[in-house]
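> This is the structure I have questions about; it appears just below.
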Amino acid sequence: MGITLNFFVILTEIIFILISSFIFLIDKFIKNKNYAFYITLITLILACYLILFVPFGEFTYAYKADFYSSTLKLFLVCGAILISLISYNYLQYYINLNSGEYYGFLLFSIVGAFLMLSGMDLVTIYLAMELMSFPVYFLIALNYAYNRPSLEGALKYFIVGSLGSVFILIGLGIIYYFTGTFILQEISKVLENNLYLRELLIGFIFILIGFSIKLSLVPFHMWAPDAYESAPVPITSFIAGIVKFAVIATLIKIILIGFNSLRIEIGEVLIPIILASILIGNIMAIKQDNIIRMLAYSSIAHAGYAGLGLISADYLGYSFVIFYMLVYLITVIGTFSILVFLANFKKELLHIPSMASLCEKTPFVCFLLLILMFSLAGIPPTAGFIAKFYVFMSLIKSKYVWVALLAILFAVIGAYPYLRVLKVIYMDKQEFEFKFKYDFTFLIPVCITVFLVIIIGIYPKPWTDIIYKTMYFYLTSLFYTY
Amino acid sequence: MPSLEQYIILSIILFLIGLFGFLSRRNLIVILISIEIMLNGLIVLFAAISHFTKDISGYIIVFFIIAMAAAEAAIGLSLVVLIYKRLRTVYSDEITNFKG
C-alpha cells in the first residue's frame, strides 16, 4: 500500500489556510474592517458545503477524512458560524478590536481543530493542537486595548499551554521508545499483542495531562478563570465551546484507534481527576461575582461531566461524551451571545449583583437566559438534562454506580450558581438605566441556540442517534478493514 | 560512542533542569528559557531513539519540535514585551490582577 496524495481530501483545510493568510496580507490596505467578517462567514458556509461533499480518504498516513471527523467538523463549523456572528456584534461596539486579524486567527484556530479531528498519527495531532491553541493566545491578549490585565490571562494560558505541549511530547517520547512509531493503528497493533501495556499506559497518561490542560480538568485548571475573564467575550465562548469540543473528540479518537485495549485502565485513571474537577468547578463557581468567571468554573465542571463518559470505557459512553459536548457547545454559545448583548450596552452588567431587576428592562432576553441557565444546571425540559442523563446512564451501565452517585451529588451543588443568577435577575430590585436595541447578529445565534436546546431536550433521539450511528459506522469501518 | 542509555540520561537531566527553572524562577523570560530547555531535552531524546533504532520518524519530529519551539518563543517574547510595556514588570509574582 503506497502513500496517497489526494489533494481533494484536504481541500477544506487548504481553502481555510489560504483565506486566513489572505486576510492577514490585505488587512492593512482596507479601511472598513467589516470585510473580514463577510469573508469569514462565506468561508465557513463554504466549509459546510465542502465537508459534506469532499471525498473520504487518506492523505499520507497522517490525515484521514472519514465519517467521524467529517460529522464532528460539521458541528464545529456550525458553532463557528454562530461565534463569528456574535463576534461581529461584539466588535461593532468594541471598535479597537475590529481588525481583520481577529477573524484570521479565528480561522487558523478552526483549521487546527479540523486537522486535529482527522489526524491519524500523534505527531499530526500534536502539531494541530498547537496550531489550534497559538492563535487563541493572541486573541486573548488582543483584549488589552480595553482591559489591561487581560495580558496576564493570556500569559497564564500561554505558559500552562506550553507546559502541556511539553508533557504531550514526553508521552510521545515514551510511546516512540516502546513501539517505534507514531501512527495510531501501529500502536494499537503493538497493544493487541499485549506488549508493553504498563509502559504505554504511562505514555498515554502524559498525553492525557497535556489534553487535560486544554480541557482545564482539575489539577491543571488554574489558568481557566483568568484566561476566560480576560478574553473578549466571543473568544471565551470559542475557548469553552469549540476548543474543548475538538480536544475531547480527539481524545476519544486516540483512545478508540490507538489505545483501544487500554480503555478500561484509562477510565480508572480518570476517575479521581473527573470527580475532583466536577466538585471543585461547582464549589468555586458559587462564590464568583463576575458571571464570566462563574461560567469559567462551570466549564471546568462541564468538562468533568463529559469525562464521565470516558470513565465508562464503553462505545455508547463515548458517543454520549460527544453528545454532551455538543449540547454544551450550543448552550455556551447561547449564553455568551446574551453576555455579549449585555456587555455591549452596559459593561457593569457582567457583575452578577448589578444584574438585579434586569427582567423589567428586557423580559425577552431574560427568558432566554432562564432557559440557557436551566440547561447548564440540568433541569428537565432542556437539553442539559438529557445530556447529563445519558452520561450518568452509561456510567451506571458499566457498573460505576458510586461514581455516578457522587457526580449527581456534585451536580446538585452545581445548580446553585446558575439559579443564583436567575434569582438576582428576577427577584432582586434596583433602579438603573439600560438602553439597548436588538441586532440581527444577536438575535439569530441566541434564537437558534435556545430553539435547539429546547428541541434536543424534548426530543433527543435523532441527535443521539446521529452521534451513536457515527461512532458505530466508524468503529465497524475501523475494525473490518484490517 | 555513547550508548542510548547515556543519551536518555542526558535528556532527563536537561528536562529536569528546565522543569526546576520553570517551577522556581519568577522572571518571565527565564521561564520561557526553561521551557526551551525542556524542549531541547526532548529533542535529544527523540534524536537518540531515532539514531539507535534506525527509524526516520524521530528525526522528523525533531524538526517539528524546533519549529514549534521557535513559534512558542515568538509568542512568549511578544507577550512579555507587551506586558513590560503595559504593566511595567517582568516578574510573575508582581502580576496579580486576578484573584480567586
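In case you wondered, yes, glycine gets a Cβ from its N, Cα and C as well.
Those TrEMBL annotations? Automatic predictions, nothing curated.
Not my notes, these are from TrEMBL:
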TRANSMEM  A:6-26  transmembrane segment
TRANSMEM  A:35-54  transmembrane segment
TRANSMEM  A:74-91  transmembrane segment
TRANSMEM  A:103-119  transmembrane segment
DOMAIN    A:120-413  domain 'NADH:quinone oxidoreductase/Mrp antiporter transmembrane'
TRANSMEM  A:125-145  transmembrane segment
TRANSMEM  A:200-223  transmembrane segment
TRANSMEM  A:235-257  transmembrane segment
TRANSMEM  A:269-286  transmembrane segment
TRANSMEM  A:322-343  transmembrane segment
TRANSMEM  A:364-387  transmembrane segment
TRANSMEM  A:399-419  transmembrane segment
TRANSMEM  A:440-459  transmembrane segment
> Which residues of the chain, 6 or more past the ends of the transmembrane segment (A:35-54), have a CB below 8 A from one of its CBs?
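Sequence-remote neighbours of the transmembrane segment (A:35-54) are 8-9, 11-12, 15-16, 19, 22-23, 27, 65, 70, 73-74, 77-78, 80-81, 84-85, 87-88, 91, 99-100, 102-104, 106-107, 110.
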> Most CB pairs under 8 Å with the transmembrane segment (A:440-459): which of A:74-91, A:125-145, A:364-387, A:399-419?
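Against the transmembrane segment (A:440-459), the leading stretch is A:364-387.
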> How about long-range neighbours of the transmembrane segment (A:103-119): same chain, 6 or more residues beyond its ends, C-beta under 8 Å?
12-13, 16-17, 19-21, 23-24, 27, 36-37, 39-40, 43-44, 62-66, 68-69, 72-73, 76-77, 80, 83-84, 87, 125, 127-136, 138-139, 238, 242-243, 245-247, 249-250, 253
